[in-house]
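In what follows, a single structure is set out as structure tokens and then discussed.
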Amino acid sequence: MIVVVDCKDSFVYNLVEYISLFDKVRVVEKESAGLLRKMSFDGVVISPGPGKPDRSLEFVFKMGVPVLGVCLGHQMIAEVFGGKVGRVEPVHGKTSLVEHDGRGIFKGVRNPLRAGRYHSLAVLEPPEGFEVCAKSEDGVVMGLRRGKIHGVQFHPESVLTEDGVRMIRNFVEMCHDG
């Protein structure tokens with residue numbers, strides 16, 4: 001089972017639908033995320049949402065399961081691990097070409113990838129120990145990875161993103177590969 005932490009974005013249930021193609025999924029609101037401490041699951045997706053990243057979900061990264069952060073979730077990863085998140089030129093409902101390394105969630109995904117973006121904040125400095133695994137054509141960090149922790153600034157669940165279902169399937173497979 002994959003848990004989606006709902007950070008109140010309108011795309012949350014697109015993520016849920018994609019995940020449900022490959023595994024059971026449960027949605028837990030961010031305000032109730034403490035419930036995860038008592039649950040059994042194979043992976044966590046931290047959803048997009050409005051506002052600024054914070055450290056409220058820091059405990060999730062210590063649970064030993066794969067984590068995928070999307071947009072705000074990606075920014076939370078950077079925030080929790082000491083990276084820097086800040087304002088960038090707003091990009092809402094636009095596509096960009098994203099170059100990636102073809103590993104992890106990007107395995108088997110076309111390169112460059114056309115990805116849907118909806119953000120005005122981004123990772124300006126990645127956390128130490130994380131690799132930048134994807135960047136947009138305008139130089140914005142679009143993917144971070146360290147071990148079982150993965151983040152993407154763009155929205156794989158958007159219809160604007162090519163191979164979004166493939167990326168989610170790759171993540172679910174990682175959750176079951178140990």
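In case you wondered, yes, glycine gets a Cβ from its N, Cα and C as well.
Copied over from Swiss-Prot:
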DOMAIN    1-178  domain 'Glutamine amidotransferase type-1'
BINDING   G49, P50, G51, Q75, S120, L121  L-glutamine binding site
ACT_SITE  C71  active site, nucleophile
ACT_SITE  H155  active site, for GATase activity
ACT_SITE  E157  active site, for GATase activity
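Figure note: comparing Cβ neighbours within 10 Å for the recorded positions G49, C71, S120, H155, the maximum is reached by C71. Note: the L-glutamine site is recorded as G49, P50, G51, Q75, S120, L121; in the same chain, P48, K52, P53, C71, L72, H119 also have Cβ atoms within 8 Å of that site's Cβ centroid.
Checking each of the binding-site residues G49, P50, G51 against C71 (active site, nucleophile) by C-alpha distance, the shortest gap belongs to G49. Note on the domain 'Glutamine amidotransferase type-1' (1-178): its mean pLDDT in the predicted model is 96.
Taken residue by residue with DSSP, L121 (L-glutamine binding site) is part of a strand.
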